[in-house]
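*Asks:* Take a look at what Swiss-Prot says about it:
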BINDING   26-33, 142-145, Ile171, 179-182  ATP binding site
ACT_SITE  His33  active site, proton donor
BINDING   Gln57, Gln148  (R)-pantoate binding site
BINDING   Gln57  beta-alanine binding site
Amino acid sequence: MKIMQSVTQLREALAGQTSVGFIPTMGFLHEGHASLLEQARQENDIVVLSIFVNPTQFGPNEDLDRYPRDEQRDQQLAQAAGVDYLFYPTNDVMYPLDMARVTVRSGDDVLCGTSRPGHFDGVLTVVSKLFNIVQPTRAYFGLKDAQQLALIEGYVTDYFVPVEIKRCPIIREADGLAKSSRNVYLSETERKQAPGIQQALQQAKQALDAGTPLETVLEQTRASLHFEGTTIDYVEAVAYPTLGPVDATTDTILLAVAVQFESARLIDNLLYTRGA
C-alpha cells in the first residue's frame, strides 16, 4: 500500500489502470468501511481509499475539531483490507483556491438537511473534487447515510460523471447499532440506549407489513424513541431515492431517524419496499 498526499502523484499512479474502486472517508475506520473496501477489492483491479475530514460539511457548532482521528489504526485497517493507494490530502490540496462549490438544489430540505444547512453542499463539493482526482470506475457508499448516497447518485446523473455508484448495506454491531465513527463518543448509558433506534425501526417495518398507515407508524416510532436525556431530531419517511414526499405511487420508502444524545447525534434508517 502506498500513501500519497499529492494529486499529481496519485493521478500518475492510476494512469492506465483497467478498473479503480474508490472509497472516500473521513477516517477513524470501522467494520462498515472495511465491508466497502472488501467489496471494492473483489470488483476492481485497484482500490483507492481517501481519508479527509472535510471542513465544509461541518456547521459552526458541530464536531470538526473533535472528530475522532487515528491515522496509524486507519493505515493498519486499510493495509489489511488490501488497499493499493491511501490518499491523505490536506485542506490546501483539496481547497487550493476555494472559488467554486457544488450547491444542492433539491433533496436537502428533508432529514439531515433540515438541521444541518449547507452540510450536503460541502459533501457534494468534496465528493466532486475527489471524483475528479481519482476518476474511479466504481465508488462505494454505505446506506447508513442514505440521504447522502441519494444526493451523490443525483449529482453523478446531473453532471454526467462516468462512475458507477455502488450502494452497500449498513453494517451493525451485534445488538443492532449501526456502525459509526461517532459511536466512540457515547457514554456507557448512551451506548446501552442506542440500539433502541434500530429496534424502533424494526417495529416500524412490522407495523407497515401489517398494513398500519404510514403516519401512524411515524407517530409510534417517535414515541418509542424517547430515551432519557435525548432529543429526537427527526423521524421522517421520504420516497427513495428521489427524497420527495411519499404518495400512492411510491415503491420504496426511506424511513429515517436522527436522535441527539448528549454525546453524539446518531442516525439510522431502513428502506421499505411496498409489496415486497
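Glycine residues also receive a Cβ, built from the backbone N, Cα and C atoms like all the rest.
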*Asks:* Nearest to Ile171 (ATP binding site) by Cα distance: which of the recorded positions His33, Gln57, Gln148 is it?
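*Replies:* Sorting the recorded positions by distance from Ile171 (ATP binding site), the top entry is His33.
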*Asks:* Three states by DSSP: which one describes Gln148 ((R)-pantoate binding site)?
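*Replies:* In three-state terms, Gln148 ((R)-pantoate binding site) counts as helix.
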*Asks:* I'd like the Cβ neighbour count for Leu143 (ATP binding site), meaning other Cβ atoms within 10 Å of its Cβ, all protein chains included.
*Replies:* 19
*Asks:* Using a 10 Å radius around each Cβ and counting other Cβ atoms from all shown chains, which of the binding-site residues Met26, Leu29 yields the largest count?
*Replies:* Leu29
*Asks:* Which one, from the binding-site residues Gln57, Gln148, has the smallest tally of other C-beta atoms lying within 10 Å of its C-beta?
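*Replies:* Counting other Cβ atoms within 10 Å of each of the binding-site residues Gln57, Gln148, the minimum falls on Gln57.
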*Asks:* From the Cα of His33 (active site, proton donor) across to the Cα of Ser181 (ATP binding site), what is the distance in angstrom?
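*Replies:* Given the Cα positions, Ser181 (ATP binding site) is 10 Å from His33 (active site, proton donor).
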*Asks:* Cα of Gln148 ((R)-pantoate binding site) to Cα of the residue listed as 'active site, proton donor': how many Å, rounded?
*Replies:* 16
